[in-house]
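Noted in TrEMBL for the protein shown:
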- 48-109: domain 'LIM zinc-binding' (DOMAIN)
- 110-171: domain 'LIM zinc-binding' (DOMAIN)
- 230-292: domain 'LIM zinc-binding' (DOMAIN)
Amino acid sequence: AGPGSYTVGTMSERFDCHYCRDALQGKKYVQKEGRHCCVKCFEKFCANTCTECKKPIGADSKELHFKNRYWHDNCFRCFKCYTSLVNEPFMLRENNKVWCSNCTATEDAPRCKGCFKPIIAGDQNVEYKKMVWHKDCFTCSQCKQVIGSGSFFPKGDEFYCVSCHEHKFAKTCAKCKNPITSGGLTYQEQPWHSECFICSNCKKQLGGKRFTAVEDQFYCVECYKECVAKKCAGCKNPITAGFGRGTSVVNYEDESWHDYCFKCTKCARGLANKRFVCHNGKIYCAECPKRL
């Protein structure tokens, strides 16, 4: 028997074919919509057309139907993998093509930006700005090693692991020559790690603090006064230009004075930029030695 829309059998009574008028008694016939016809006329005038092969589905063929569409049973196969879908779950997609559930899931799955293959349920993946990769396809543009779920730095359409980004893009510290990945400071247009920009004597960090540079060495205020600055021959305190009051220095015979400390031993007159006399290792104005 065929589907519910018609019946097939062998005629035992006297009936003629509705279309060609040939006698049907003792012959195979098809009854559809109250009409009796021979098999040949059935295929010519009444049979459903297979959605896949476009040929009539004869009375001797098994017929499958879904939503007013009909198939030969051997034509009812997955469009993608050709697996028979008789008694199997399926989906009717564009152009009346039937797909098995596996191929449907694969086709609808997002595509990996690395290998362009589908990322199916259960695959480990990496998502970034509406793009998706298999975990093993998300690699560094420089060293090609898998980044996976690790840290990375985007640069346009490229991605870099931490190490490659440091060597390719990060600024290099003027002292240790290693990349500066975060923080840091700039002195005389050169970048430094904060931990590299330190006092040459006490090793304290100088970022944000007052300091002075002496022949490529840096000193905090205290260490400069204690270890580097010349001592005034007058007041015996360090001569720290830029840190305190004395910004001008008087030098004479390997000794130095603050400008305000360079004065006459007798009358205390300031002698900076004035004539003076040195007598017995002491400084006098031009008049006082005459009074000694």
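From the backbone N, Cα and C atoms, a Cβ is placed for every residue, glycine too.
Automated prediction, rather than curation, is the source of TrEMBL annotations.
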Can you break down the domain 'LIM zinc-binding' (230-292) into helix, strand and coil residue counts using DSSP?
4 helix, 21 strand, 38 coil
Go ahead and report the DSSP secondary structure tallies for the domain 'LIM zinc-binding' (48-109): helix first, then strand, then coil.
11 helix, 19 strand, 32 coil
